[in-house]
Each structure stands twice: as C-alpha cells, then as structure tokens.
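> Grabbed the feature section from TrEMBL, which reads as follows:
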BINDING   His7, His9, Glu93, Asp189  divalent metal cation 1 binding site
BINDING   His114, His139  divalent metal cation 2 binding site
Amino acid sequence: MRLFDAHCHLQDPRIAAAAPALIRAATASGVGRFAVNGTSEKDWHLVKQMAQEHPAVIPCFGLHPWWVPERSPDWMDSLRQFFSETPEAAVGEVEVFQRQLELAKELEKPVSVHCVRTFGDLLEILKRTGPFPAGVLLHSYLGSAEMVPGLANLGCYFSLSGFLTGMKSTKAKKMLKAIPLDRILLETDAPDAVPKLDNVSLVTVLKYVASLLEMPEAELAEASYRNATKLFSYPGPKVHPEAETV
C-alpha cells in the first residue's frame, strides 16, 4: 500500500530538525511523496533545500494569509524567481489570493487553497479566475457535500486531513460520499492537523476516511496516490505518472 501526503509543512520550525527522521518513518509506513508547502518569503528557501535533499519532497511556494502583512514590496518577483529556479514546484498556501491564482494559471501549476467557511466566495472567485487545467487542491477540506459538485467541475481536488475528525461523522460521511473517487487526496498538514485519534499519521487519516466511505483502505490509498500523482505531474515535475505505476 502506498500513500501520498498531499499537503504538509515539514519545514516548520517545530519539526524541521526532525524532518529527515519523519520522512524515513513515513516512507517505511508506505508514504512515497510529500508536498511540502512554504508559507512566507522566510521559509521558501528551506522548502527548496528540503526538496533538493529529499527526492520524495515536492516543493510548493506561496504566501499564507498570516504573513501577508510582512511581505516585502517585491514578494511577487521573489516568488517568480523561486519558480524559475525550481521548475518542479507547485503554487501553495494561496493568499494575496487573486494574484497567486493568476500566477498558477500562467505557470500551469496546481494551486493549494485553504478555505475556512467561505466556500461560496471561493466558488465565485474560482469561476471568475478559472478554469484551472492544472488543478486546484482544496487543502484540509471541510466544506459541505452541496459545495462539492460545483468545485469539482472547476477542477478541484479535495484533500482530507485529521481535521476531518472534528466534523460530525454523519456530515463528514455525506460530504465524503459526494466527492468523486478520482478527486480524493489525503494529507497530514503536519504539524498542524492533529486528529482526535491516537498515533497521528497519514495512515490514521486513511483509516478514518476509508471507514466513513465504507471501502477497503488499500483501494482508497491507491486511488488517492493516483490522484495526487496526476495533480502534481505538471511541466518540470518530480512526479512522472509512468514511473509511479505499479
């Protein structure tokens, strides 16, 4: 069984020193890829370095809304430079939102979006700015089942983390069953998405989602790995679909 962690922050100061050991342990449990998301100008170089040191790491650069007030006047030029020097990177942690969406379209990169209770607004922005042929990753998705079809039609993938365990199980089950199987991703959001469950890992998330979907864990793992491989197979990638086939 193989897994793809579609969104995490292994460069975070809380776990950066332990990242090599975490990668080794996760790899031993079946995790073959890690999409590591930078959040500000201060950590993009750390993500780039981690990707150079670990072949399994896919770098993602972007500006998180928390760090928007601290951005430099030339933040967009700096972001472009990182993409120029790191063609395997994706666009992550989207805010100063509109400009980064437009950059993702221009560079033909998938884009990671964390939306919290504003899915109606997000849908309208994506409709206005899209389409997004390279795909949109809805990081740690906790929206309603009713929002799924409209978002899926715009090219969105739904990435599920341990935060899902905080949603009422009946609501979570209805939402999960609305997501097409070819649009489901799994993530840890390490070190932030700590489920209510013990032994936090991508396997923990897999087991919980599979139980709600009432499907075999191996089937869900393979589907989510295949979906993430497709999403991250953009021009200049580390991920090559033909090499990922088993």
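Backbone N, Cα and C define each Cβ position, glycine as well.
Automatic prediction, not curation, is the source of TrEMBL annotations.
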> Give me the Cα-Cα distance between His9 (divalent metal cation 1 binding site) and His139 (divalent metal cation 2 binding site), rounded to a whole Å.
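Counting only the Cα atoms, the answer is 12 Å.
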> Let me know the most crowded of the binding-site residues, choosing from His7, His114 and counting other Cβ atoms within 10 Å.
His7
> Long-range same-chain neighbours of His139 (divalent metal cation 2 binding site), Cβ under 8 Å, sequence gap at least 6?
Ala6, His7, Asn37, Ser112, Val113, His114, Ser159, Ser161, Glu187, Asp189
> Tell me the Cβ neighbour count for Asp189 (divalent metal cation 1 binding site), meaning other Cβ atoms within 10 Å of its Cβ, over all protein chains shown.
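That number is 22.
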